[in-house]
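Sequence annotations record features per position, and here Swiss-Prot assigns transmembrane segment to 12-32. Residues or ranges marked as NAD(+) binding site in Swiss-Prot (evidence: experimental evidence): Ala22, Val23, Asp79, Ala116, Ala165, Thr167, Tyr201, Ser244, Arg276, Asp277, Lys290.
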Amino acid sequence: MKQEIKPATGRLGVLVVGVGGAVATTMIVGTLASRKGLAKPIGSITQLATMRMENNEEKLIKDVVPLTDLNDIVFGGWDIFPDNAYEAAMYAEVLKEKDLNGVKDELEAIKPMPAAFDHNWAKRLNGTHIKKAATRWEMVEQLRQDIRDFKAANNCERVVVLWAASTEIYIPLSDEHMSLAALEKAMKDNNTEVISPSMCYAYAAIAEDAPFVMGAPNLCVDTPAMWEFSKQKNVPISGKDFKSGQTLMKTVLAPMFKTRMLGVNGWFSTNILGNRDGEVLDDPDNFKTKEVSKLSVIDTIFEPEKYPDLYGDVYHKVRINYYPPRKDNKEAWDNIDIFGWMGYPMEIKVNFLCRDSILAAPIALDLVLFSDLAMRAGMCGIQTWLSFFCKSPMHDFEHQPEHDLFTQWRMVKQTLRNMIGEKEPDYLA
């Protein structure tokens, strides 16, 4: 059934938590450069991908649904460091100076607002550009005012808030996360052990009718309290943890093994990474949050309860090592021990020398544009159709997450078809 989608009129504010970080600045530079014809938005589904229509015609996704034009985006956000986007991008050393200079004026105009930050949630970071708030509730109120002020100052019709900041320490789901009333009480009581800064950003965004995207593996909007609030406010939420490198490869390879009914004995994964994200993950408490996210992938694809002979005893290990000389150029190694006909063993080795932020930047942009589309289409709560972009896709307690990349891609296209009242094409015709 065709949905009524409000047109993408006016300007869209994109407020990024961690706007001075490597992923954020890479996304911003690429978007601005694309607007000026200085670069192509390679890796962006919203800008380059096509989908087949009911009549078997192939169309660009951006021609099928009314996405916000890149020219209508206004960037802003928060950071614990005061550097403008040009200075921050120079520090990150992801992009060449000549690429930054093409949009230097626009980058220098993007100056971060003081961040809502608690050192206890990211002990390896020591920022100075930080809000002073007596309670988590006061922190929320300050963030809400920031959103309102940015929207007014930049004449934005709509806003999306994107978390592209560091991974917070691991915490389990607790009673304070189980209902909106309990969450708000914990914020007002300043329960800093269970209410993270990222939860304050998410609450503030939803309260201001802004879709929220969680790009890290933090426990944040994947709680009953946030589900309740997002449905109450009719706001989309999505995440979590950008699926950009090693885990992307896993969600391609694991479905292949399962489709061919090849068994797996073990999967060992390790990485070296030298950017600020790697530095934060060098702390065991922060790494555990990431580890849980990365480990969750293959079980739901393999379904060992259905195929115990093939996947009933898979040894899965994930490691991330902070190695400053590599900076943003992450290297990932995977050793996969598989077995085939009559149980004979084989091995697959994958060595992925990737650029972390180059892979994550288009994911961040696509999640922003699709979240804005979902808001205009009246879709609220968890956006499971955006699982394609995430390591640890959000889901409620009644459902399992979908990790198979190809099934996830079909979910994206089918959701877009449903929005415009299109049927899936007949691939047998």
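Cβ atoms here come from the backbone N, Cα and C positions, even for glycine.
Sequence features, as recorded in Swiss-Prot, placed on the structure.
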{"residue": "Ala22", "record": "NAD(+) binding site", "contacts (Cβ under 8 Å, 6+ apart)": "Ala92, Val94, Asn275, Arg276, Asp277, Asp328, Asp356, Ser357"}
{"residue": "Asp79", "record": "NAD(+) binding site", "contacts (Cβ under 8 Å, 6+ apart)": "Gly18, Val19, Gly20, Gly21, Ala88, Pro112, Ala115, Gly127, His129, Ala165"}
{"residue": "Tyr201", "record": "NAD(+) binding site", "contacts (Cβ under 8 Å, 6+ apart)": "Val17, Trp78, Ala116, Leu143, Val161, Trp163, Phe212"}
{"residue": "Lys290", "record": "NAD(+) binding site", "contacts (Cβ under 8 Å, 6+ apart)": "Thr167, Pro217, Asp241, Leu281, Ile320"}
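There are 22 other CB atoms within 10 A of the CB of Arg276 (NAD(+) binding site), with all protein chains counted. Secondary structure from DSSP puts Ala22 (NAD(+) binding site) in a helix. Arg276 (NAD(+) binding site) falls within a helix when secondary structure is assigned with DSSP. According to DSSP, Asp79 (NAD(+) binding site) is assigned to a strand segment. Under the DSSP three-state reduction, Ala165 (NAD(+) binding site) is assigned to coil, being neither helix nor strand.
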